[in-house]
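Colleague: I'd like to ask some things about the structure below.
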């Protein structure tokens with residue numbers, strides 16, 4: 001079939017502008033196969049190449065050669081989830097783990113990056129998270145997050161002016177007079193904030209919605225495992241003070257916010273919300289079952305932000321488009337790429353890394369490696385590190401993609417359980433996997449960059465001596481395996497020339513520098529590397 005397509009191409013002249021890279025590779029392969037059929041195996045590859053060159057025309061071969069010459073260094077970028085840096089050894093799963101690969105990478109050639117607060121577009125002092133981290137890493141600029149936009153509207157009491165808020169109030173008032181608010185209720189600031197709920201309740205009270213029901217998804221992952229009681233009390237106090245709104249459902253995020261297709265968990269939350277099926281529980285709130293008041297049928301649904309591009313629901317705060325993020329820019333440069341993660345973090349290496357875009361860019365290949373099917377990841381702390389390493393090493397050996405990126409989820413996901421020893425094992429498994437990728441990079445001429453999206457595993461014990469399950473505000477590593485490059489001593493600067501801290505926004509410009517590609521004007525992050533005297537050794 002490929003040979004037939006190639007022969008049909010021969011009826012028109014070839015030009016560099018008429019073919020994409022995949023077509024060029026297909027045509028080249030097809031013609032070489034056809035030549036083998038006609039003239040048999042030549043004694044030298046050059047004879048075969050010259051025959052195809054003459055048959056196809058110089059344009060195609062020159063185009064392919066020009067494309068390859070653009071790439072100065074092929075690059076692998078690893079993002080470790082939840083790998084922060086601190087001098088504190090007590091309760092530090094990373095420091096207590098045997099991690100010779102990361103230890104050497106960090107000691108040989110590394111820098112430290114900020115991954116929290118204003119450095120990644122969050123409120124000052126707010127810990128980073130996986131979504132924000134991957135968004136900033138992939139965008140090459142500080143991306144100001146939805147939480148800042150919403151916080152500003154709440155502070156200015158402008159939620160009541162939001163067209164979707166007004167529409168929701170009018171629909172409820174015209175219907176049965178009931179409006180339901182469902183979501184994670186804590187001050188974690190990763191997926192939600194309790195202040196936003198209070199802002200919505202204020203607005204719907206002023207808009208005179210007769211009945212508002214709150215469905216409480218307890219946290220315990222981005223906040224303390226037992227913090228749910230405090231936030232529940234805050235909510236009850238607010239409802240009493242305002243004399244408005246009712247608490248309808250209490251369910252833990254373990255059930256209501258599962259993202260690994262665990263339908264047995266989702267069913268618990270679904271039945272609580274829809275059918276009023278539930279029971280009281282006294283476990284930590286991350287694993288809270290549910291107590292319920294049934295919801296009516298025929299709901300009109302709106303979402304605070306865009307949770308999935310395929311959802312048809314109206315959005316109170318639609319996403320802001322980010323142009324020329326790393327994945328898009330590589331695609332425009334005709335550089336193919338490979339993104340890989342296990343299911344827990346797959347959206348982060350696709351949707352978030354790609355600037356909030358669900359669809360693949362041209363030349364982008366994606367692979368999802370299933371996460372293990374266990375109740376909690378401390379039962380299998382390595383998760384699927386090996387599967388991720390298998391896929392990445394395979395792509396390095398094939399050499400089809402000049403840019404490869406992946407995520408290792410286990411330090412973060414196991415860290416969220418608050419269990420120190422399994423998190424130590426998770427860090428060790430991650431280090432082994434990175435070692436395999438590093439050796440493959442050395443064999444096949446790739447430069448390996450390793451960073452993290454935020455901290456977590458380095459702080460497993462809270463100040464009160466209990467388990468610490470949330471992210472941290474600690475810096476994260478940024479390492480480079482190239483002996484021809486070293487990190488600049490001088491810090492990056494702002495547009496006004498003022499020195500600033502190194503941050504996640506500097507990763508993408510550094511990748512482009514290594515690959516010898518220009519940086520788009522939209523990226524205001526800066527390359528952190530320079531050539532060293534050891535170049536060529």
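Even glycines carry a Cβ here, placed using N, Cα and C.
According to TrEMBL:
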ACT_SITE  130  active site, phosphoserine intermediate
BINDING   81, 130, 453, 454  Mn(2+) 2 binding site
BINDING   412, 416, 471  Mn(2+) 1 binding site
DOMAIN    74-518  domain 'Metalloenzyme'
DOMAIN    150-280  domain 'BPG-independent PGAM N-terminal'
TRANSMEM  46-63  transmembrane segment
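If you look at the structure here, what lies around each of the features I listed?
Modeller: DSSP gives residue 130 (active site, phosphoserine intermediate) a helix state.
If you take the C-beta of residue 412 (Mn(2+) 1 binding site) and look for same-chain residues 6 or more apart in sequence within under 8 angstroms, you find 81, 82, 83, 130, 454, 456, 457, 471.
Residues of the domain 'BPG-independent PGAM N-terminal' (150-280) grouped by DSSP class, helix first, strand second and coil last, total 66 helix, 23 strand, 42 coil.
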Colleague: Across all protein chains in the structure, which of the binding-site residues 416, 471 has the highest Cβ count within 10 Å?
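Modeller: That would be 471, with the highest Cβ count within 10 Å.
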Colleague: Need the DSSP three-state call for residue 453 (Mn(2+) 2 binding site) to compare against my parser.
Modeller: coil
Colleague: On a count of neighbouring CB atoms within 10 A, which of the binding-site residues 81, 453 is highest?
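Modeller: Counting every other Cβ within 10 Å of each candidate, the maximum falls on 453.
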Colleague: According to DSSP, does residue 471 (Mn(2+) 1 binding site) fall in a helix, a strand, or coil?
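Modeller: The three-state answer is coil.
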Colleague: What three-state class does DSSP give residue 416 (Mn(2+) 1 binding site)?
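Modeller: Once the DSSP labels are grouped into three classes, residue 416 (Mn(2+) 1 binding site) ends up as coil.
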Colleague: When a 10 Å sphere is centred on the Cβ of residue 130 (active site, phosphoserine intermediate), how many other Cβ atoms does it contain?
Modeller: 25
Colleague: Report the residues of the chain - excluding 81, 130, 453, 454 - with C-beta within 8 Å of the mean position of the site's C-beta atoms, for the recorded Mn(2+) 2 site, in sequence order.
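Modeller: Going along the sequence, the neighbours come out as 79, 80, 82, 115, 128, 129, 133, 134, 345, 348, 412, 452, 456, 471.
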Colleague: How big is the gap, in Å, between the Cα of residue 416 (Mn(2+) 1 binding site) and that of residue 453 (Mn(2+) 2 binding site), rounded to a whole number?
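Modeller: So the alpha carbons of residue 416 (Mn(2+) 1 binding site) and residue 453 (Mn(2+) 2 binding site) sit roughly 15 Å from each other.
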